[in-house]
Amino acid sequence: MSSSLWLQCLQQLQEELPATEFSMWVRPLQAELNGNTLTLFAPNRFVLDWVRDKYLNSINRLLQEYCGNDIPHLHFEIGNKRVTAPKSETIAPARTRTAADVAAESSAPAQLQARKPVHNIWRDEEPVAVDLNHRSNVNPKHKFNNFVEGKSNQLGLAAARQVSDNPGTAYNPLFLYGGTGLGKTHLLHAVGNAIVDNKPNAKVVYMHSERFVQDMVKALQNNAIEEFKRYYRSVDALLIDDIQFFANKERSQEEFFHTFNALLEGNQQIILTSDRYPKEINGVEDRLKSRFGWGLTVAIEPPELETRVAILMKKAEDHQIHLADEVAFFIAKRLRSNVRELEGALNRVIANANFTGRPITIDFVREALRDLLALQEKLVTIDNIQKTVAEYYKIKVADLLSKRRSRSVARPRQLAMALAKELTNHSLPEIGDAFGGRDHTTVLHACRKIAQLREESHDIKEDYSNLIRTLSS
């Protein structure tokens, strides 16, 4: 059995899994073959449990395929593989180079490609004195235990947890992107709180990108730019929200570029959020956009129905209000764009119930949210979905209704059907009828196909999220 066994498995898994999943869960694994036992080393318990739960069957299948009857026994451990392994074959660390790796290496400064060990708080055994006057700005209310997990934010939450457990080493930088009100800021604060809980001496700073700009301007005005540099380069974790506001601010970008490099070289954690994918941020230098993608980039999508219901139930519980399941589903089916909108609607319902003393029923919600529901129903129609999808893909609405089966038409048609199922209250037969008299089974197939492609294709996932944002805004 050759030492390339695990590398063969890696190469196949990289083809089968979405790039984000592969980078987050599989690539960090190290492997060692000793006799008839293949040991996979995970960096922490969270990764180990996730891999065993999600990918064990795939790994065993590949081992069976490559080894036949000589399939090795699979064993998992936490930590790094042993430095020496006498009388055994040692498989290289699980680091499969991709095109993204090559691009990052070609643009990364030499000192960051071969990062030197740096004395920092994550490895200090003794307490370190920290300036207690530093501005943390981390909101203690936003923690992991009150963040509602769903399919739309599962990867982002998992990445944030890993970073909080292994700051400066797990994924650096971590870049979270998605529309307004989807929970990116909550995750930033949750990471900050978790880091401080684990390491009370850690100097964690959260801020909006505009605050960084304001601080730099004040430093220039007061001839205190060196103090500014020292402050930002001394933090153990820098959490910056809405990085897209750096657009067209050349001096701020220049200073952040050097701050970014200094923090990364010092193994200090950086987490950034934006409303769009790094390469789509206009007005930001290419060298910065390249660096944004050096660690891990994760999309936070609009919450699906089940997550929206869970969010409403959790918020109602926080207010010590009983919310019937059917009421939660009624609200969740009609308000789909983001978490903030859901919370605002629920707050209005609760306030009205407190003022009037009436029970929260579907009829009461329909009355309390009359204007909001009317606006949503007016905005999202099948006709509107068809026009928006056709415009997005630069085809005609008539193409969506036609019998054409070319990929350039069939895929947008399937997306439009899936969006109609997600964003309207029409039945499958009604949706099929609106798309050229198609059968309800065709609509069902389209919905399932798009759900599958959103897991496998970054482009389809992005298109779907963009269309949801456009139609819900």
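Glycine residues also receive a Cβ, built from the backbone N, Cα and C atoms like all the rest.
Cβ contacts within 10 Å of Gly181 (ATP binding site), excluding its own Cβ and spanning all protein chains shown: 17. What Swiss-Prot lists as ATP binding site is Gly181, Gly183, Lys184, Thr185.
Marked as region 'Domain I, interacts with DnaA modulators' by Swiss-Prot on the basis of sequence analysis: 1-90.
According to Swiss-Prot, the feature region 'Domain II' maps to 91-136.
The region 'Domain III, AAA+ region' annotation in Swiss-Prot covers 137-353.
Sorting each residue of the region 'Domain IV, binds dsDNA' (354-473) by its DSSP state yields 93 helix, 0 strand, 27 coil. The region 'Domain IV, binds dsDNA' annotation in Swiss-Prot covers 354-473.
Within 10 Å of the C-beta of Lys184 (ATP binding site) we count 24 further C-beta atoms, all protein chains included. According to DSSP, the region 'Domain I, interacts with DnaA modulators' (1-90) comprises 46 helix, 19 strand, 25 coil. Take the mean position of the Cβ atoms of Gly181, Gly183, Lys184, Thr185, the recorded ATP site; other residues of that chain with a Cβ within 8 Å of it are Gly178, Thr180, Leu182, His186, Leu187, Thr273, Ile300, Asn338, Val339, Arg340.
Fewest Cβ neighbours within 10 Å among the binding-site residues Gly183, Thr185: that distinction goes to Thr185.
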